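As recorded in TrEMBL, the features of this protein are as follows:
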- 21-443: domain 'Amine oxidase' (DOMAIN)
- Ser22, Glu41, Ala42, Val225, Glu419: FAD binding site (BINDING)
- Phe332: substrate binding site (BINDING)
Amino acid sequence: MTITNSHNPEKVDVVVVGAGLSGLRAAVDVHEAGHSVIVLEAGDRVGGKTLSVDASHLEGKVDLGAAWLNDTNQSEIYKLAQEFGFDLIEQRATGYNLHQDSTSNVTKIKHGTGMPVPPDAADIVQKLLEKLNKWVDEIDPENPSAHPEAEMLDSMTFNELSVKFLGPELGPAVADSATSPLLGVGPDEVSALFMVDYIRSGNQTFSVRLAAKLPETAVRLRSPVKTIKQGSDGVLIETANPNQNFRAERVIVSVPTCLYPSINFEPPLPESKKTLGESTALGCTSKAIFVFDKPWWRDAGFSGIIECETGPIHFSRDTCSPEDGQYSITCFVVGDRGRDWSKWSYAEKRRIVLEQFNGVFSGVGVKAPEPVNIILQEWIKQPWIWGCPSPVMIPGTLTSDSGKVLREVVGRVHFVGTETSLVWKGYMDGAVRSGIRGAEEVIRAFKRESTE
């Protein structure tokens, strides 16, 4: 089948759908290999789930999306940081953490000692951790469904697994403390096998700098892709603008799996790939950032880390950049508690998180000063993104045919994105790694075709 179009499509070797880290990394590698490339981004900026804004009328920036990396084993994103000359700030980890229990009672905990667990439950929690570590060590990231216990793990949610080991009293709380911060979903929304695989696998400036390595007109913003038509002589990519269409030899799709249904694929995707898009969902991870004129909590002996069993705030981190004069604590509002909070008006959301934040510190006798700014970011309400950090799989998906085609090429269409990475799924490093893989697939295909 050949493809035709009456709107005289622009010709290019490769079209990349999505200008997040994975798409831009793929585009840069394809471009540097000597192939022409166009990146189509539905939104009005590059960066996807990375976004940096001014902290306040004072100094510095804060990250509303992905913000953390490490230099130990997140090598690809660390390499980019080095290449672009970014100053990395070591996460502060000194002082007392604050833990707010389900009755709103607040306890000071020396950093590094972990969340409080009832003495009679410590042994069974340890057994669950040992079992999880065993599964994590054994699982093959390229084929998690091959594990001897994969079917069992994929038949239940992570909450059910936790309850099985810890009982109905402790199990849900421990499970939620793992899935909500990591995935932005409750433990009853995600397969136990997916959680094990996720553990096994381990900011906007990166995206801006990557985009700058491409030709000036390579990135087209406000260009949502509506249709991808494959034929024997190439691929036709149609956007929401009927006069902005492209004809390419290859396409790299870098949108989350759960957004595949928003694109009309012709011919349709194989059933297993199509089902993959219908069996994954994005989590709810929002941020409430409190910006101050000085780091008063440090002077009071606190780490800036809060962990809450109740209220919208789930946990927080010290996100200061002293060299820029930027002092902030970033609170994460995630999972079901985040979805409930999101239903309120902006003014109410602001009031609720500030009240809880102040209440945690007043619980240990400290009056928090008035912030110079409060920044709220709700990723579930961002067009073309609809949640973060990355899609999760419901039980029964990872061991099915759909779970086995996550990285599978369909004709001339390649698929990348942080959830497709073998390591560091859901992280910036995983996004970069997946982009590298997608570019390598395309470059190999061009080399193969040139010798035929």
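Any Cβ shown, glycine's included, is placed from N, Cα and C.
Keep in mind that what you see is a predicted model, and the values were worked out from it rather than measured.
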In whole Å, could you give the widest CA to CA gap in the FAD site formed by Ser22, Glu41, Ala42, Val225, Glu419?
20
Please state whether DSSP places Ser22 (FAD binding site) in a helix, a strand or coil.
helix
Here's one to test understanding: among the binding-site residues Ser22, Glu41, Ala42, Val225, whose C-alpha is closest in space to the C-alpha of the residue listed as 'substrate binding site'?
Ser22
Give me the count of other Cβ atoms within 10 A of the Cβ belonging to Ser22 (FAD binding site).
33
List of residues, in chain order, with Cβ under 8 A from that of Val225 (FAD binding site) and at least 6 apart:
Val17, Leu40, Ala42, Ile237, Glu238, Thr239, Ile263
Cβ packing number for Glu41 (FAD binding site), 10 Å threshold:
27
Could you find out if DSSP has Phe332 (substrate binding site) as helix, strand or coil?
strand
What are the non-local neighbours of Glu419 (FAD binding site), defined as same-chain residues 6+ apart in sequence with CB under 8 A from its CB?
Pro256, Thr257, Thr280, Ser390, Pro391, Leu406, Lys425, Gly426, Gly430
